């Protein structure tokens, strides 16, 4: 019976055998093309596991096919069961094929007769039967199937279930190839975790490398760290080689700036004996250098050397600049030499870092040698390198070389920056090379840079220091016209210059401008006043003080006192009195030294009019010593006590801890004054009380019977004369009343007072012989001299005549000041801005 085929339906597919009681080897075939083998008992018509197309071997019947009655009856009783190649006995039938299958064409003719294609049992069979021949699964087909399953299910228990139902036994090659195809990181990890649970799993470094690459692409660095821990455990258990995987992980973590993790992996790799490659070392070194940890990078580098890992060009390019910038110049230069020895060409970065670092470290010769060597390599210096060299040589004070490099830089077409201009100008100015500094300064202005106040100040101060008033004022005007505010040090230097040049009007103008800028000008004005005082220009000082008063600028009491003393020395007593009144009214205390100095001027005064001014000045001091002096010249009725008692009360009121030197100065001047005034008894009282209060403790020395001496070298003329008379009177009483006669008596006068004392004693036929600085005589001869009535009268009463000679000596030799005992410090110089 002929067969008519209108259209083909897959669900109408039938197979025919010679024995009508056959069991179909295939289940009922569905037309669902998305069916997955193993999930149901049907196969796709284009199943890749079969190795051939079933359509070419199976006859498809049409929907209207008519079968013989005998065939239909035989089919009704069939039981459809599945048999597997594993030859396990299936339920309801035998496990193997006993009959051949005939494949018919459309006319019913037999095309082929033989054993059919049979399915397999998942997880047990590694082949498929094509007739009587075992056909192994192709790796490509197995990998494709694994990839298909993983891409569909990706993760979870369902994925593992589907992988368990694979109709073949996978191996590590299949997993490795599948991981290369699967781009989904999560799916790859799921497949890897499933494979680790299988009995056929064997740790493989290539799989780890693939997984690390995938995790790195997805930036899952936590996953890399977790997988790394698993790999370390596998390596410790089984001992697989993980050279590439270790290096990959370290590189990925370092490039991701996971500093701690990358260093941990590095140490782990070292502990496990893994060989670290150059790229990994370079990556770690780069990471630590970028993180500002050069010493950690050097530790990695030392590990690299210890491992005898060969350095490549990139390692040199990383390490040399880093070593140089961190100050390890010897190590950097050593690597530089080694790099050239291995025929690596240093790049510009290496040269630049070495030139800069060597220069800043003061190793200028090495810096210049590397600079010249760089040019020998054909490399052109950059602007930054020129700046570094100029700065280094400038700071080292080698201005000639710095200026040569400066010119070379400009010839090369580079424009110096603002900071370099400033450094060159200020360094040359401070070195006294004002011509070069001003030329560079003008170039800076032409280049469009506005100099800073610091640059202006430096130039101005150096011109002021060298006394160039015109240049200093020109710079000052240029600075103010540019809208820049001069600093305190600038004003101070300029005002000092103007003060020294005695340009009072210009100094006053600048000071008022300084005040308008908001500066406190009291100190600066006082400093200028002090300049005039120290210079002895009292008229200028008084003029400047009047300007200060009219401008509401105050000064301090120290300067007022200095100006007062200058006026006294210059004889300007009328100008001195208002200064002293200002000093006293400002609650300043006139001390004993100041009063004594005024009294000394009175002693030396020759004109009656000046004496009146000085007496008025003495009363203006309001010092207790003035009341004491006035009391000395009054009678006992007004004092209401004897002179000696009056003198003792005054000296008891002196604080010798603070005013001992001032008291000695006062005694010397007062004794001079009293001698000139003819007040001998009062003078002897003052000397006696002064000696009692140990103001002159070493003046009189009794060396038992050997020698008695009087030392008047530190006394004024009047004090020396009074001391000689009073002391000889004491010696006379000892020798006459107590009978103690020393071998000799000495009067130590010194060269200044020797003549005065000798002339005084010669009037009464003195036995003392005059030597260089001493008047001496034997004790017994002096004893005879003391017995003369004229000597007794001389010692008890007063100094005899010849007052004209003595007064002349007093005027010539009287000390007008005693600087060694003054409590005031010398005038201070103008204060700088920093001191302020």
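Glycine residues also receive a Cβ, built from the backbone N, Cα and C atoms like all the rest.
Note that TrEMBL annotation is computational and uncurated.
Taken straight from TrEMBL:
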type   : residues : note
REPEAT : 277-311  : repeat 'PPR'
REPEAT : 312-346  : repeat 'PPR'
REPEAT : 347-381  : repeat 'PPR'
REPEAT : 382-416  : repeat 'PPR'
REPEAT : 417-451  : repeat 'PPR'
REPEAT : 452-486  : repeat 'PPR'
REPEAT : 487-521  : repeat 'PPR'
DOMAIN : 710-786  : domain 'Smr'
Residues of the parent chain within Cβ reach of the repeat 'PPR' (382-416), under 8 Å, 6 or more residues beyond its termini: 348, 351-352, 355-356, 359-360, 362, 364, 367-368, 371, 423-424, 427-428, 431, 433, 436, 447
Secondary structure tally of the repeat 'PPR' (487-521) (DSSP, helix then strand then coil): 26 helix, 0 strand, 9 coil
Contacting positions for the repeat 'PPR' (277-311) when only residues 6+ beyond its ends and CB under 8 Å are counted: 247, 250-251, 254-255, 257, 259, 262-263, 266, 270, 318-319, 322-323, 325-326, 328, 331, 338, 342
Three-state composition of the repeat 'PPR' (452-486), taking helix and strand from DSSP: 26 helix, 0 strand, 9 coil
DSSP helix/strand/coil residue counts for the repeat 'PPR' (347-381): 26 helix, 0 strand, 9 coil
Whole-number mean of pLDDT values that fall within the domain 'Smr' (710-786): 88
Spatial neighbours of the repeat 'PPR' (347-381) far in sequence, C-beta under 8 Å, 6+ residues away: 316-317, 320-321, 324-325, 327, 329, 332-333, 336, 339, 388-389, 391-393, 396, 398, 401, 412
Number of helical, extended and coil residues in the domain 'Smr' (710-786), per DSSP: 43 helix, 14 strand, 20 coil
Three-state composition of the repeat 'PPR' (417-451), taking helix and strand from DSSP: 26 helix, 0 strand, 9 coil
